[in-house]
Every structure is written in structure tokens, then in C-alpha cells.
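Working notes, beginning with the structure itself.
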Amino acid sequence: MKQSHFFAHLSRLKLINRWPLMRNVLTENVSEHSLQVAMVAHALAAIKNRKFGGNVNAERIALLAMYHDASEVLTGDLPTPVKYFNSQIAQEYKAIEKIAQQKLVDMVPEELRDIFAPLIDEHAYSDEEKSLVKQADALCAYLKCLEELAAGNNEFLLAKTRLEATLEARRSQEMDYFMEVFVPSFHLSLDEISQDSPL
């Protein structure tokens with residue numbers, strides 16, 4: 001059997017730090033971020049289905065979110081101000097991401113490719129799936145800002161403001177629910193969030 005470097009590449013996502021131009025109290029890597037986005041995206045899909053009459057596959061949404069930044073193992077994590085400096089750079093970076101996604105898909109053994117390609121290639125996502133993953137991605141970046149600010153790192157003040165605008169632009173009923181029910185706890189200490197559920 002032919003060897004594949006696919007998972008060896010993906011394991012290196014933990015070596016790519018996010019927010020590279022900003023001082024961080026706690027460094028976050030792409031692997032950690034992807035897990036959190038998967039959990040939040042799954043929650044958004046479940047909330048949409050249970051509370052607001054949605055009919056999405058929450059497990060698929062979680063998988064899409066888990067792989068949503070996989071191409072960064074080949075491209076690196078380009079800082080947002082650079083990525084969106086102008087429309088030409090944004091468009092070129094999208095093209096680079098597409099090439100990187102295809103390169104990852106090509107690493108998968110042929111007999112498994114049809115399973116992994118729809119997870120890695122964002123063009124295979126439906127509009128609804130893409131929206132949920134993007135909401136979760138923005139929410140997790142926002143939560144990172146809250147954590148950094150709670151630790152006294154004002155470096156993230158402007159990023160928080162920018163992400164509030166992004167969240168408003170991507171707003172949905174399931175996001176409103178998540179923001180109301182789950183986000184306030186991110187302003188609390190470990191002792192405060194542990195009071196209601198002693199071991």
C-alpha cells in the first residue's frame with residue numbers, strides 16, 4: 001500500500017499559532033482553534049434544529065468545522081489585516097487556499113478521497129453549512145478576545161470591536177441563543193463557573 005502524508009501534515013496544525021502579530025497571554029494554535037470551532041458549530045446546528053425548526057446535519061457541521069482551516073498547514077495563518085488589505089489580496093488568497101485544499105485532498109488515498117474531499121474543499125459546503133461554520137469561527141475568535149481581555153490584555157480591544165461587527169453581520173437566531181446562554185460565562189473566573197456544579 002502507498003503511504004500517505006495526509007495526517008502527518010494535519011498533525012502540524014498545532015505548530016501554527018493564530019494571532020501572530022498580537023501579544024497573547026495564552027497562545028492559541030490552529031489545531032486548538034479547530035476543535036473549539038467544531039464544538040461551537042455543532043452546538044449552533046443543534047440549537048438551530050431543536051429551537052428554530054432547522055434541519056441540518058449537526059455531526060457533518062462539526063466535521064466541516066474541524067477541517068475548516070486544514071489548508072493552513074500548507075499556507076500558514078495569514079494575519080487578517082494582511083488577508084483583507086484589499087479585494088485583490090483577498091481574492092488571490094482564496095485562490096491559494098483552493099490550491100492548498102486540493103493538494104491536501106490529493107494526499108488522501110484514492111479509495112478514501114470521496115470521504116475527505118467534501119470536508120476539506122469548502123466549495124462542497126452548502127450555503128447553510130458554510131454560514132454555520134463561519135458563525136462558529138467568528139464566535140470562537142470573539143471568545144478568544146474575551147479571554148485575553150479578561151486576563152488584562154488590551155491588545156485585543158480593537159479585535160473584539162471588529163469581531164462584534166462581524167458577528168452582527170452573520171447574526172442568526174442560533175447565534176443569539178448561544179450568545180445569551182453560553183457566552184456570559186466567559187467573563188467569569190473558574191471559581192465562579194464552578195459554584196453551580198460542585199463535584
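Glycine residues also receive a Cβ, built from the backbone N, Cα and C atoms like all the rest.
Asp137 is the only one of Asp127, Asp137, Asp176, Asp191 that Swiss-Prot places in the divalent metal cation site (with His33, His68, Asp69). Within 10 Å of the C-beta of Asp77 (substrate binding site) we count 18 further C-beta atoms, all protein chains included.
Residue pair His33 (substrate binding site) / Asp69 (divalent metal cation binding site) shows a Cα separation of 9 Å.
Within the set of binding-site residues (Arg18, His33, His68), the lowest number of other Cβ atoms found within 10 Å of a Cβ is recorded at Arg18. Under DSSP, residues within the domain 'HD' (30-142) fall into helix, strand and coil as 92 helix, 0 strand, 21 coil. Sequence-distant neighbours of Asp137 (substrate binding site): residues of the same chain at least 6 apart with a C-beta under 8 Å from its C-beta are Val37, Ala65, His68. Annotated pair Arg18 (substrate binding site) and Asp69 (divalent metal cation binding site), C-alpha to C-alpha distance, rounded: 11 Å.
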